[in-house]
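Chemist: Relevant sequence annotations retrieved from Swiss-Prot are reproduced here:
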CROSSLNK  Lys28  ubiquitin cross-link
CROSSLNK  Lys28  SUMO2 cross-link
CROSSLNK  Lys82  SUMO2 cross-link
DOMAIN    7-163  domain 'PPIase cyclophilin-type'
CARBOHYD  Asn108  N-linked glycosylation site
MOD_RES   Met1  N-acetylmethionine
MOD_RES   Val2  N-acetylvaline
MOD_RES   Lys28  N6-acetyllysine
MOD_RES   Lys44  N6-acetyllysine
MOD_RES   Lys76  N6-acetyllysine
MOD_RES   Ser77  phosphoserine
MOD_RES   Lys82  N6-acetyllysine
MOD_RES   Thr93  phosphothreonine
MOD_RES   Lys125  N6-acetyllysine
MOD_RES   Lys131  N6-acetyllysine
MOD_RES   Lys133  N6-acetyllysine
Amino acid sequence: MVNPTVFFDIAVDGEPLGRVSFELFADKVPKTAENFRALSTGEKGFGYKGSCFHRIIPGFMCQGGDFTRHNGTGGKSIYGEKFEDENFILKHTGPGILSMANAGPNTNGSQFFICTAKTEWLDGKHVVFGKVKEGMNIVEAMERFGSRNGKTSKKITIADCGQLE
């Protein structure tokens, strides 16, 4: 089985910035990968398209995926509101790692973050389920609109998204 690849077309205040593609590690965390894949395609009738990156901290991460409240308090999974931490096999080894944001153990919904540095203190707390395949330069460009408290200076949105393979 080949791991799925999904893409985000990123916009800044409505202007296209570029495409980021992700490999999803369905071989290691099938349930978590499937949630992100289906939210990227929108095939369940809801998902990431049109949502924003509400929290960007340069040198740390870019967080998004709250398509219900758009501020970090919402979002939902394809399995219902929240689902369990599948496993912690994969680690936060460096830039480009894709991991689930949460509010404590077993509270995965739709929020995720893209690491822009090694974040080993998150190992065992957040489920890593993918990595940037192409477009890390776009993630680095997104970082420039972040701040130390995470507030973004411009609206960073997922203008389009879907599955490539």
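Quick reminder: no glycine exception, Cβ is built from N, Cα and C everywhere.
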Chemist: Taking the recorded positions one at a time (Ser77, Thr93, Asn108), which has its Cβ surrounded by the most other Cβ atoms within 10 Å?
Modeler: Asn108
Chemist: Express the distance between the Cα positions of Val2 (N-acetylvaline) and Lys28 (ubiquitin cross-link) as a whole number of Å.
Modeler: 12
Chemist: Pull out the recorded positions from the set Met1, Lys44, Lys76, Thr93, Asn108 whose C-alpha sits within 10 Å of the C-alpha of Lys82 (SUMO2 cross-link).
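Modeler: Hits: Lys76, Asn108.
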Chemist: Once the chains shown are all counted, how many other Cβ atoms turn up within 10 Å of the Cβ of Lys28 (ubiquitin cross-link)?
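Modeler: Other Cβ atoms found within 10 Å: 17.
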Chemist: Including all protein chains displayed, how many Cβ atoms other than that of Lys82 (SUMO2 cross-link) lie within 10 Å of its Cβ?
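Modeler: The answer is 15 other Cβ atoms.
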Chemist: Relative to the Cα of the residue listed as 'phosphoserine', which of the modified residues Met1, Lys44, Thr93, Lys133 has the closest Cα?
Modeler: Lys44
Chemist: How many neighbouring Cβ atoms, not counting its own, are there within 10 Å of the Cβ of Lys131 (N6-acetyllysine)?
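Modeler: For Lys131 (N6-acetyllysine), the 10 Å Cβ neighbour count is 21.
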